[in-house]
Amino acid sequence: MPSKKNGRSGPQPHKRWVFTLNNPSEDERKKIREPPISLFDYFIVGEEGNEEGRTPHLQGFANFVKKQTFNKVKWYLGARCHIEKAKGTDQQNKEYCSKEGNLLIECGAPRSQGQRSDLSTAVSTLLESGSLVTVAEQHPVTFVRNFRGLAELLKVSGKMQKRDWKTNVHVIVGPPGCGKSKWAANFADPETTYWKPPRNKWWDGYHGEEVVVIDDFYGWLPWDDLLRLCDRYPLTVETKGGTVPFLARSILITSNQTPLEWYSSTAVPAVEALYRRITSLVFWKNATEQSTEEGGQFVTLSPPCPEFPYEINY
């Protein structure tokens, strides 16, 4: 009779599962190779029964980083897989799945009985992904307990992600109350968007989000810092207690002023250095008047034009 817990039926979540798949198709083989290796402490799949008179099948063993439900394992590996809770050690399962010497996939390493794997697994994830965010998502408890050590390891490992792309820069200009911040909020998934704290140099809470919003900007970042943010080269930004790599693919700058007004012409050597980094200029249809959101619309300009008589994005 299926076990029940919290009103749910079916096998309880486990870390270690074995599975068999008879007569696998190429699509089914591909699916079994698709799950990211960061899911597993150890994963092995052998191909068996290819000689005449036997049923071709895949024989696999998965030791997941964290417990998985029966249905989740089916989702990862394929609905036709026959799945059971694993018995024996990782090494014994490795020997069983590889007994015919024809492996479809093997990743990770067999775990020993009682082996401490939380920190070592988090380290493996970190060195594989180069991302503290990935570690935090997959190993939250270990991340909280070992954040500083993991951060230092990332710095000295050479695995830290670095920007090697041009960050797109979108400037949204309009009077107060026209909906600039709403425009920025709707640009991308909130999960991947970081709102820069205003009027200071700190980037506390930034963890490599792909979209950065600099809201209500009027020149309060140092000129050189703004140019570096809007460029294409590796950059780290300061947090209270350390630095993090800047990995934004898009920067949204909202302002009541045009870029012409952000900095004094006597304070910057060549304002064109900023203009050529701007990807697009989005203006309220009449940015010189106090308008409500219902009374106008945002328009993407094609500079040089009357509203902004300088070339951009070159």
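Each residue, glycine too, has its Cβ placed from N, Cα and C.
Pulled from Swiss-Prot, these are the features on record:
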- 1-29: region 'Disordered' (REGION)
- 4-18: motif 'Nuclear localization signal' (MOTIF)
- 11-110: domain 'CRESS-DNA virus Rep endonuclease' (DOMAIN)
- 18-21: motif 'RCR-1' (MOTIF)
- GLU48, HIS57, GLU100: divalent metal cation binding site (BINDING)
- 96-99: motif 'RCR-3' (MOTIF)
- GLY174, PRO175, PRO176, GLY177, CYS178, GLY179, LYS180, SER181: ATP binding site (BINDING)
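Feature annotations (Swiss-Prot) mapped to structure.
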residue	record	contacts (Cβ under 8 Å, 6+ apart)
GLU48	divalent metal cation binding site	ARG54, PRO56, HIS57, LEU58, GLN59, LYS99, GLU100, ASN102
LYS180	ATP binding site	ILE172, VAL173, GLY174, ASP215, THR254, SER255, TRP284
SER181	ATP binding site	VAL213, ASP215, ASP216, THR254
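In the three-state DSSP assignment, the secondary structure recorded for CYS178 (ATP binding site) is coil. Look at GLU48 (divalent metal cation binding site): DSSP puts it in a strand. Between the binding-site residues GLY174, PRO176, GLY174 has the most other Cβ atoms inside 10 Å of its own Cβ, all protein chains included. The DSSP secondary structure for GLU100 (divalent metal cation binding site) is coil. Broken down by DSSP into helix, strand and coil, the domain 'CRESS-DNA virus Rep endonuclease' (11-110) contains 27 helix, 40 strand, 33 coil. For the motif 'Nuclear localization signal' (4-18), the mean pLDDT of the prediction comes to 70. Excluding GLU48, HIS57, GLU100, which define the divalent metal cation site, the same chain contributes GLY46, GLU47, GLY49, ASN50, ARG54, PRO56, LEU58, GLN59, ASN102 within 8 Å (Cβ to the Cβ centroid), listed in sequence order.
Of all the Cβ atoms in the protein chains shown, 17 others lie within 10 Å of the Cβ of HIS57 (divalent metal cation binding site). It is PRO175, among the binding-site residues PRO175, GLY179, whose Cβ has the fewest other Cβ atoms within 10 Å in the structure shown.
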